[in-house]
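Asks: Pasting in a structure now, in structure tokens, and then I'll have a few things to ask.
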Amino acid sequence: MQQYLDLMRHVLEHGDRKTDRTGTGTVSVFGWQMRFRLAEGFPLLTTKKLHTRSIIHELLWFIRGDTNIRYLKDHGVSIWDEWADENGDLGPVYGKQWRRWETADGRSVDQLAQLIDGIKRNPDSRRHIVSAWNPGEVGSMALPPCHALFQFYVAGGRLSCQLYQRSADIFLGVPFNIASYALLTMMVAQVCDLEPGDFVWTGGDCHLYLNHLQQAEEQLQRTPYPLPRMILNPEVRDLFAFRFEDFTLEGYTAHPHIKAPVAV
């Protein structure tokens, strides 16, 4: 994933110093894009080992429409712990918006179900969009959505996805987000009888926290390994029926994990 390292190097060399909500401080650039051809391998970072279990379970948690960390905790995933209240609740975050977006007239929209139906019925539509950014509920969320909106595109029997990430924590968050949405693209492609195409990652405020600079420099000294393969259980034909056991990662070789603090 040389593209990811190129982004990290660009921010280190050309980024502007900025303050931020957490008080940590960042080095930041505005606007960046990376494209991953999913036929060439699963875009899971190899210059530091990632916890694939957390990536898969978090995505399944989103798809369930869940907004309480109990499911994550039950499966050994702690990435949302810092933002949950004493009951484990996060407010109307991703799962709520993906599955139960509340309209002005009181209806509830299942954006994921609507998306699948739209891709199957009218693949050439330019409206295959899911948004997690709900201005009416942002203030009630423990953390407003960083990966805010994604769009699917069908051409030549292949399904591609583009994500817009308004706030991109390059060292900790972005590797998870790339893998998560690449996996979602593969899942949606399978249930819609399409082949995975490209995953396009588009970032807004792309930043390295000041307490991640040393770790970023360390990672830039490492040479990427070939990408692994992600195998999905071909018998699953319903997006909402996928389970953790339906995913098999093959050939993942990675450099050791690099620890870094989370900015809350």
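First residue shown is number 1, and so on along the chain.
Cβ from N, Cα, C; glycine included.
Marked as dUMP binding site by Swiss-Prot on the basis of sequence analysis: Arg21, Arg126, Arg127, Arg166, Ser167, Ala168, Asp169, Asn177, His207, Leu208, Tyr209. The annotation (6R)-5,10-methylene-5,6,7,8-tetrahydrofolate binding site is assigned in Swiss-Prot to His51, Asp169, Ala263. For Cys146, the entry in Swiss-Prot reads active site, nucleophile.
Relative to the rest of the structure, where do these features sit?
Replies: Cβ neighbours of Ser167 (dUMP binding site) (same chain, under 8 Å, six or more residues apart in sequence): Cys146, Gly204, Asp205, His207. In the three-state DSSP reading, Ser167 (dUMP binding site) counts as strand.
Taking the Cβ of His51 ((6R)-5,10-methylene-5,6,7,8-tetrahydrofolate binding site) as reference, no residue of its chain lies under 8 Å away while being at least six apart in sequence.
In this structure, Cys146 (active site, nucleophile) belongs to neither helix nor strand by DSSP; it is coil.
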Asks: If you count Cβ atoms within 10 Å of the Cβ of Tyr209 (dUMP binding site), leaving out that atom itself, what do you get?
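Replies: Excluding its own Cβ, Tyr209 (dUMP binding site) sees 23 Cβ atoms within 10 Å.
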Asks: Can you give me the same-chain residues 6 or more apart in sequence from Asp169 (dUMP binding site) with a CB-CB distance under 8 Å?
Replies: Cys146, His207, Tyr209, Ala263
